[in-house]
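K.L.:
Sending over a structure as structure tokens; questions will come in a sec.
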Amino acid sequence: MREEEKKQKQLLDTIKMLSPGTPLREGLENILKGKMGALIVIGDTPAVMDIVDGGFALNVDFTPAYVYELAKMDGAIILNHGVKKILYANAQLIPDPSIYSSETGIRHRIAERVAKETGEVVISISQRRNIISLYQGYNKYIVQDTGRILTKANQAIQTLEKYKVVLNQGMNHLSALEYEDLVTTYDVAVVLQRTEMVMRIVNEIEKFICELGNEGRLVSMQLEELMANVVEDGMNVINDFNINQHLDSKMVLKEIKSLSSEELLDLSNIAKILGYENNVAALDAPALSKGYRLLNKIPRLPSAVIENLVKQFGEFQHILKASIEKLDDVEGIGEIRARAIKEGLTRLRDQVMMGRQI
Ligand SMILES: Nc1ncnc2c1ncn2[C@@H]1O[C@H](COP(=O)(O)OP(=O)(O)OP(=O)(O)O)[C@@H](O)[C@H]1O
């Protein structure tokens, strides 16, 4: 999984490197518009240079215009890793022919084999089919039309908005139950399930944003606005209800993330990760909140003080029922802050109950 995640991140970084607005993308678009093809290797590692024959060394600064002119020649262009320099042009690439390639055109076959053999990024522009393909190791990615990606990104934002409404309702319901001391494992598992579903859509949208480059600013802003507090609230729900002796909150989050889409639908899987019994009946069992999430919503309450409160009282219900004097006894809390906490909790209760009626 780790290796898979690393590869995915590498591919995303590469996609960003040729996203709209970058000099590399401009060069590639020019080649496409000029109805030419190209074969471009990014990186002059020994593994790459071992399979290069002929061509000539340039070592000039990368510009979209140079790469366009050089693409008029036969053979491959080799750039440095940061795409700052054009190192070689007109190079013949001779990768191991026994490496499997699923491509049909010669240029694409060479590109795929070179990427597999060297692990580097290879870009192939097909003259006939008018497409840009990118190979990195064993991964392949086809550069798509910006308008199409934008449509998909906007659809994903709309889906995210719908999921966010449902998540907010779940969070508000959980808050109300925390005040009433009526939380069950089911209510906790539901909000964590919804949070994870939201995060999975966010991952999709982040990929689109990488692909869109400077065309993705609006989507990025919308995403940022929609995601305010989602990650923190999710983490605090785990902090509040995790009773698993073997997993800390970060590990719990990781376990939830590693659930397949089907496993995520079964709430008892989430309950089990949190340390509750792994059966349907356990979902009806009461769950006690420590209070991290709700205390974090009180303005100007430092996290160290929240930590001390939870350490001293153990449960949100005990904090809720504590007198000003008892709150005052906690390290970092004087009388003024104790009153502010009381008032903050009352105000929050009113907001939560109002939200529930809607
Ligand atoms: N081994 C190689 N090393 C470097 N460049 C190559 C190599 N093989 C092919 N090329 C480049 O690819 C160009 C196109 O080759 P060819 O037309 O056979 O491939 P193709 O896959 O049909 O291309 P396209 O899809 O662009 O029409 C060649 O003119 C050459 O510049």
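The backbone N, Cα and C atoms fix where each Cβ goes, and this holds for glycine too.
Keep in mind that TrEMBL annotations are predicted by a computer and have not been checked by a curator.
Fair warning: this is a prediction, and the values are worked out from it, not measured in the lab.
Just lifted these from TrEMBL, have a look:
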- Gly75, Leu93: ATP binding site (BINDING)
- 8-146: domain 'DAC' (DOMAIN)
K.L.:
List the residues of the same chain that sit at least 6 positions away from Leu93 (ATP binding site) in sequence and have their Cβ under 8 Å from its Cβ, in sequence order, or write 'none'.
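P.N.:
Sequence-distant Cβ neighbours: Leu39, Val41, Ile51, Val52, Asp53, Gly75, Ala76, Ile110, Val114.
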K.L.:
Which number gives the other C-beta atoms within 10 angstroms of the C-beta of Gly75 (ATP binding site), all protein chains shown included?
P.N.:
19
K.L.:
Looking only at the domain 'DAC' (8-146), what is the mean pLDDT?
P.N.:
94
K.L.:
Just to be sure I understand, if DSSP states are collapsed into helix, strand and coil, how many residues of the domain 'DAC' (8-146) fall in each?
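P.N.:
Across the domain 'DAC' (8-146), DSSP assigns the residues as follows: 46 helix, 41 strand, 52 coil.
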